[in-house]
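S.K.: Sharing the feature lines straight out of TrEMBL:
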DOMAIN    5-445  domain 'Major facilitator superfamily (MFS) profile'
TRANSMEM  53-73  transmembrane segment
TRANSMEM  85-105  transmembrane segment
TRANSMEM  111-134  transmembrane segment
TRANSMEM  146-164  transmembrane segment
TRANSMEM  176-197  transmembrane segment
TRANSMEM  324-346  transmembrane segment
TRANSMEM  352-370  transmembrane segment
TRANSMEM  391-415  transmembrane segment
TRANSMEM  421-441  transmembrane segment
Amino acid sequence: LFLAVCAVGIGGTFQYGYNVSIINAPTQHIHRFLNETWASRFHKELNPDLLTFLWSVIASIFSLGGLCGALMGGSMAIRLGRKGALLMNNIIALLASILMGISFPTGLFELLIAGRFLIGINSGIGICVQPLYIGEVAPKHLRGGMAMGTSIFLTGGILTGQIIGLRELLGGETYWPLLLSSSCFPAFAQLLFLPWFPESPRYLLIDKGDELSCAKALKRFHGSSEYQREMEDIQRECFALDGEKPKKPWQLFADRGVRWQLITVIVMTMGQQLSGINAIYFYATYIFEQAGISAVKIPYATLGTGACECLTALTCVNHVGRRCLIIGGYLLMTLWSIVLTFSLTYQELYSWVPYVSMVSLFAFILSFGLGPGGITNTMTAELFIQSSRPAAYMIGGTISWISFFAIGMLFPFIVNGLKQYCFLVFVLECAIVAAFLFLVIPETKNKSFLEIKKEFHRLNFGRN
């Protein structure tokens, strides 16, 4: 089970985190490449506004690709299987790596845009299908711990991208095309290791009706002496579904039986992206400067933020329950946003205040990793039964990528308008999400998917 998490993670959410992270290091080199390419083609300098536009397209087209990938992921998981969808997804990653790698030698920045779009599709599919696979192969008493693999590989991808992007490695002027095309290595790793693992047993029995293959897969995952209990749980869910086919996303919106589960996923997903984590990373350089860290050393200090989030994902104490972790995470983020607002406001008054800002910054990241960062994908898998789960991930993924794109577009204006008071917006957002989750979500730890569905029955249909 542990090796299965690693095999799906390296080509799944690792790719997302890695490709979000690596684009920051070669910013200046890509600007120079765009200028030189434009001058060689049209024999005149590139207009600064057009340069900014082209760079924005290169950076943000990843989000558009991710949105397309999220819309494709659920359908691929149904048609090709969870494992088949992940394997096919690596072909997209390899093509993207080739396009980004040859963009510089060929002098075609359009290939860079196309490559970023394709790697966005790859990330969108991966972040949709990977937690789907993990949630379905995990026994219920290990589901939380295994689902944390999604968050661990995502944060591990961010940290790896920050390290590889250092100027001493591939972040220098000579090697930046190699940096952007290095996402082929996780794709190769998954193509090498994932074929050794079985398809999701739930998919095999409930979607394909293949009881023999399901039993073989369960024996591989749980051992020949322990698999029977999981087999019975899957058979109960299959019986409850009574031949119901996998639903389309629009059918979920019309299904009263999953109304509050769907609302919960939308609120959790939007809350995760709009929680202020992007503001924290945006302000990190300024906070480190105020604390007296030299400009040369700031990239290494920034590594600490990535390491901090990764460490939280690795050590997340899941035995206290998902409900406690995610609500507690949002409440702590509310607290640290308030502290950070005050410390940034009075940064110049006392010499020790910048260090309060640094502590708040790392505490906010730890709180995010503890709750919203780690638990959101876990709960999306747990709130739905087999026929609704792929569609739920498509909806959740779509909301996530739209929110990611929106915060990327609006955030600079929010910061320019409100300065450090922008964190008060995130205080309100985190507090509202925490209140909603406290009122709506039940504890899902150690419960079967059918038991969780019953928990929502009263909300969806009233007391009667």
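Glycine too: its Cβ is placed from the backbone N, Cα and C atoms.
I would like each feature placed in context: is it buried or exposed, what are its neighbours, and how far apart are things?
M.R.: A Cβ distance under 8 Å defines the sequence-distant neighbours of the transmembrane segment (53-73), meaning residues of its chain 6+ beyond its ends; these are 16, 19-20, 23, 27, 30-31, 34, 46, 85, 109, 112-113, 116-129, 390, 393-394, 397-398, 400-402, 404-405, 408-409.
With a threshold of 8 Å between CB atoms, the same-chain residues lying at least 6 positions outside the transmembrane segment (111-134) that come near it are 4-5, 8-9, 11-13, 15-16, 19, 23, 30, 57-59, 61-74, 76-77, 82-83, 85-86, 89-90, 92-93, 95-100, 102-103, 146-147, 149-150, 153-154, 180-181, 183, 187, 200, 377-378, 380-381, 389-390, 393-394, 396-397, 400-401.
Taking Cβ pairs closer than 8 Å, the transmembrane segment (391-415) reaches residues 59-60, 63-64, 66-67, 69-71, 73-75, 77, 124, 127-129, 131-132, 246-249, 251-252, 258, 261-262, 265-266, 269-270, 272-274, 278-279, 282, 380-381, 383-384, 422, 425 in its own chain, all 6 or more past its ends.
Tertiary neighbourhood of the transmembrane segment (421-441): same-chain residues 260, 263-264, 267-268, 271, 274-276, 279, 323, 326-327, 330-331, 333-334, 337-338, 340-341, 344-345, 379, 414-415, 459, selected by CB-CB distance under 8 Å and a gap of 6+ residues from either end.
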S.K.: So, taking each listed stretch (85-105, 146-164, 324-346, 352-370) in turn and counting its Cβ pairs to the transmembrane segment (176-197) that are under 8 angstroms, which one gives the highest count?
M.R.: 85-105
S.K.: As a test of reading the model: what is the averaged pLDDT for the domain 'Major facilitator superfamily (MFS) profile' (5-445)?
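M.R.: PLDDT averaged over the stretch: 85.
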S.K.: Using a Cβ-Cβ cut-off of under 8 Å, list the residues of the same chain that are 6+ residues beyond the ends of the transmembrane segment (352-370) and lie near it.
M.R.: 151, 155, 275-277, 280, 283-284, 287-288, 290-292, 304-305, 308-313, 316, 325, 328-329, 332-333, 336-337, 339-340, 343-344, 346
